[in-house]
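For reference, the structure discussed in these notes is given below.
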Amino acid sequence: MATFKVTLINEAEGTKHEIEVPDDEYILDAAEEEGYDLPFSCRAGACSTCAGKLVSGTVDQSDQSFLDDDQIEAGYVLTCVAYPTSDVVIQTHKEEDLY
């Protein structure tokens, strides 16, 4: 099992947190375990509450059913169903930017 460095950036609050996330754990779950309060609602990849924007790196979010191909291509990620597949940097709290 690989572990990756996930950097979570909240531009509105000016915060940046780095956490280690195993490749078999969702980013949202790992962030919560570390005490970070990220937005979420369904926890199933079926809404946009937890949306973030991928700055660098790659994730597997094949469990999600909400984002369309254009949004995924633009770098949006649902942290509740995203596994890191490399070191990643994600801007959090991006739900409003989807629309």
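Heads up, the Cβ atoms here are built off N, Cα and C, so glycines get one too.
Features of the protein shown, as given by Swiss-Prot:
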- 4-96: domain '2Fe-2S ferredoxin-type' (DOMAIN)
- Cys42, Cys47, Cys50, Cys80: [2Fe-2S] cluster binding site (BINDING)
Checklist entry - Given the binding-site residues Cys42, Cys50, Cys80, which one's Cβ is surrounded by the fewest other Cβ atoms within 10 Å? => result Cys42
Checklist entry - Cβ within 8 Å of the [2Fe-2S] cluster site's Cβ centroid: which residues qualify beyond Cys42, Cys47, Cys50, Cys80? => result Leu28, Phe40, Ser41, Arg43, Ala44, Gly45, Ala46, Ser48, Thr49, Phe66, Leu78, Val81
Checklist entry - What mean pLDDT score does the domain '2Fe-2S ferredoxin-type' (4-96) have in the model? => result 97
Item to check | Three-state secondary structure, which DSSP defines for Cys80 ([2Fe-2S] cluster binding site) | outcome: helix
Item to check | Secondary structure composition of the domain '2Fe-2S ferredoxin-type' (4-96) [DSSP: H/G/I, E/B, coil] | outcome: 17 helix, 32 strand, 44 coil
